[in-house]
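**Q** My questions all concern the structure below.
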2 protein chains.
Amino acid sequence: MSVTAPRGFRAAGVVAGLKDSGTRDLAIVVNDGPSRAAAAVFTRNRVKAAPVLWSEQVLKGGRVRAVVLNSGGANACTGAAGFQDTHATAEKAAELLVDSAGEIAVCSTGLIGQRLPMDALLPGVDKAVAELSRGDGGLAAADAIRTTDTVAKISFRQGEGGYMIGAMAKGAGMLAPSLATMLCVITTDADLPAEALDRSLRAATRVTFDRLDSDGCTSTNDTVLLMASGATGAVPGEDEFTALLTEVCADLTRQLLVDAEGASKAIAIEVVGAASEDDAVAVGRSIARNNLLKCAIHGEDPNWGRVLSAIGTTDAVFEPDQLNVAINGVWVCRNGSFGDDRDKVDMRPRDVTITADLSAGPHSATVWTSDLTADYVHENSAYST
Amino acid sequence: MSVTAPRGFRAAGVVAGLKDSGTRDLAIVVNDGPSRAAAAVFTRNRVKAAPVLWSEQVLKGGRVRAVVLNSGGANACTGAAGFQDTHATAEKAAELLVDSAGEIAVCSTGLIGQRLPMDALLPGVDKAVAELSRGDGGLAAADAIRTTDTVAKISFRQGEGGYMIGAMAKGAGMLAPSLATMLCVITTDADLPAEALDRSLRAATRVTFDRLDSDGCTSTNDTVLLMASGATGAVPGEDEFTALLTEVCADLTRQLLVDAEGASKAIAIEVVGAASEDDAVAVGRSIARNNLLKCAIHGEDPNWGRVLSAIGTTDAVFEPDQLNVAINGVWVCRNGSFGDDRDKVDMRPRDVTITADLSAGPHSATVWTSDLTADYVHENSAYST
């Protein structure tokens with residue numbers, strides 16, 4: 001179902017021939033309305049791929065008729081010619097849908113620094129538009145945007161009053177502050193204006209995708225696009241809609257986390273007792289990015305010293321002798337020194353929870369990361385060769 | 001020779017029994033004067049080991065008679081009891097040297113969060129003081145401070161006018177912004193006051209140890225201690241002394257880099273064309289910490305897209321379409337897009353140079369890092385278990 005779970009959407013995923021593997025590599029999601037209100041958040045990397053630069057312009061209008069997504073090439077760092085390729089992709093889709101290119105978003109993912117083979121991509125758009133459907137299209141589209149993802153990632157939820165939210169996402173590495181190398185398309189048949197969608201999307205991604213940090217690397221292509229068809233006419237309250245949207249984003253965040261490249265552990269870092277939410281996030285991120293700790297977790301070693309060492313590099317409010325750390329519920333560090341017996345920590349489960357108590361205030365935040373493994377190294381040392 | 005190359009110093013390295021391996025684990029370096037002027041720089045981690053807290057106080061007086069160093073335990077995150085252990089170590093050395101504990105520095109390295117076995121350490125200090133010598137002591141001391149270091153690291157230089165600088169260092173992982181998990185003792189028989197030593201040491205470490213970033217992790221124990229005996233009576237000019245000291249620090253930086261845990265490549269990141277030196281360092285550090293790039297270099301893949309992606313996460317002054325990147329001398333990225341053929345890059349040598357031209361000004365800086373390898377993961381996932 002994925003993005004076609006809500007009414008008013010059709011989708012397709014096809015083989016355009018961009019990937020050497022010969023698997024699906026081009027997707028399209030079309031909003032048949034009556035509304036085409038939309039909002040998006042993009043990577044905060046200052047080196048932005050051509051499709052990000054393009055889609056940022058499209059989204060300024062708050063309306064999206066369709067989005068074309070490709071795997072097999074990021075179209076990043078490809079200069080003016082790369083931007084023209086994105087433009088041509090949007091024009092092609094617009095022509096086939098008899099619509100304006102100015103309301104066609106584009107997303108790309110894959111290797112940076114190579115032009116896309118437009119002689120394969122543009123016929124792929126033809127093929128995808130011809131195959132648009134509400135039935136199988138959603139899953140095929142979710143499949144087509146995969147790169148190193150081992151599984152397609154989809155989610156959907158039913159809201160009060162008969163509306164739905166559906167979504168698909170890809171992302172398996174480079175998951176960092178500004179979302180991830182993730183592409184995500186979220187659809188809804190609720191009827192909400194672009195401004196409300198924008199607020200809801202920022203609120204939902206702030207506590208979900210934005211707090212997933214698999215390897216500290218920020219992609220050039222991250223895009224999360226929310227499109228509303230209004231097909232049910234349902235007008236949910238903004239808080240209720242935001243809550244449901246957050247559920248969908250949290251579900252996908254979890255799927256991205258579990259599928260992170262080479263990961264053998266899914267690590268939740270709960271920072272509590274912080275003087276501010278910003279402090280909690282900064283501390284969580286610092287812990288999430290500590291390679292030595294990530295290796296230790298991989299080795300099932302409850303190495304709380306590396307947690308303290310990571311906390312110590314932040315500007316957060318805390319006193320070193322008031323830090324407490326629990327790993328999987330065992331308070332192995334109390335008052336900045338050793339606490340309960342580390343041998344009591346069961347490190348065998350895939351899920352690992354690190355709780356860091358700063359003893360500095362009432363605020364908290366959770367950041368998710370994965371362990372650092374030899375498989376991660378293998379996967380990322382052979383990516384483009 | 002190491003720290004005993006300059007006149008006025010004796011050293012020893014002994015087996016105290018702190019390490020399970022039964023190898024040397026305790027060192028002492030004694031300054032017999034006539035001067036005992038000293039300066040030091042310490043980790044910027046806010047979670048500081050007991051010996052760092054102790055030695056910071058000692059150095060406030062600008063005088064150091066001796067330094068006791070141990071491997072086999074960091075004495076970090078060990079609370080008030082751990083601080084007392086450091087104090088007792090200094091008192092023990094002071095008693096044996098018939099001197100003041102307030103002029104005895106202490107350095108520790110090893111696992112965080114465990115008390116040191118003082119019943120082994122204190123007799124070790126006895127043993128070390130009994131073995132103090134100018135002949136073999138320097139090398140034995142350099143050997144005793146090793147943890148995962150595969151080789152002892154020493155350096156010495158002769159200055160104009162007959163004075164010398166000698167040094168030993170340890171460090172193989174956790175090498176990051178605030179020096180590294182490195183301990184370094186530098187000696188000289190020049191006669192310079194503590195204030196001059198402090199300025200020279202800060203100037204030398206700023207462009208050497210401080211720009212080595214093996215894995216982005218900052219230790220709780222980093223210490224670089226400079227002790228002057230004045231035994232030759234030579235009074236070098238401050239600029240000349242700083243230049244020689246910088247040579248020694250650069251030599252040790254290179255040794256630390258090449259011995260970084262699991263590393264198969266030594267990577268120099270030269271950032272040029274920066275609007276400020278701070279920008280150049282920030283960009284260099286961001287590139288040095290990009291796990292995906294470090295994996296690519298390990299795989300001998302000249303993946304310049306990951307370089308641009310890393311630059312894009314900084315606040316440095318640059319325009320994305322004016323970035324140029326060379327890898328081993330081949331400009332694979334020009335004006336933010338693909339440049340010369342990446343197949344021309346010879347990635348086989350152990351040394352890899354990444355040149356990033358920001359096209360934003362006249363400033364430059366070099367940051368050194370190593371690649372990310374499966375060996376790094378193996379070594380650090382089994383460290384404390």
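Placed from the backbone N, Cα and C atoms, the Cβ positions cover glycine too.
Caution: TrEMBL annotation is automatic and unverified by curators.
Pulled these from TrEMBL:
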BINDING   B:Thr147, B:Lys170, B:Thr181, B:Glu261, B:Asn380, B:Thr385  substrate binding site
ACT_SITE  B:Thr181  active site, nucleophile
**Q** Please list, in sequence order, the residues in the chain of B:Lys170 (substrate binding site) that are at least six apart in sequence and whose C-beta is under 8 Å away from its C-beta.
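**A** Result: B:Ser71, B:Thr109, B:Ala142, B:Ile145, B:Arg146, B:Thr147, B:Asp149, B:Ala152, B:Lys153, B:Met182, B:Leu183, B:Cys184.
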**Q** On a simple 10 Å Cβ count over all chains shown, which one of the binding-site residues B:Thr147, B:Asn380 is most densely packed?
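**A** Of the binding-site residues B:Thr147, B:Asn380, the highest Cβ count within 10 Å belongs to B:Asn380.
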**Q** Around B:Glu261 (substrate binding site), how many other CB atoms lie within 10 A of its CB?
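**A** B:Glu261 (substrate binding site) is surrounded by 26 other Cβ atoms within 10 Å.
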**Q** Determine, from DSSP, whether B:Lys170 (substrate binding site) sits in helix, strand or coil.
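**A** DSSP call for B:Lys170 (substrate binding site): strand.
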**Q** Identify, in sequence order, the binding-site residues in B:Thr147, B:Lys170, B:Glu261 that approach chain A with a C-beta to C-beta distance under 8 Å; the answer is 'none' if none do.
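**A** Checking chain A against the binding-site residues, no residue falls within range (Cβ-Cβ under 8 Å).
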**Q** According to DSSP, does B:Glu261 (substrate binding site) fall in a helix, a strand, or coil?
**A** coil
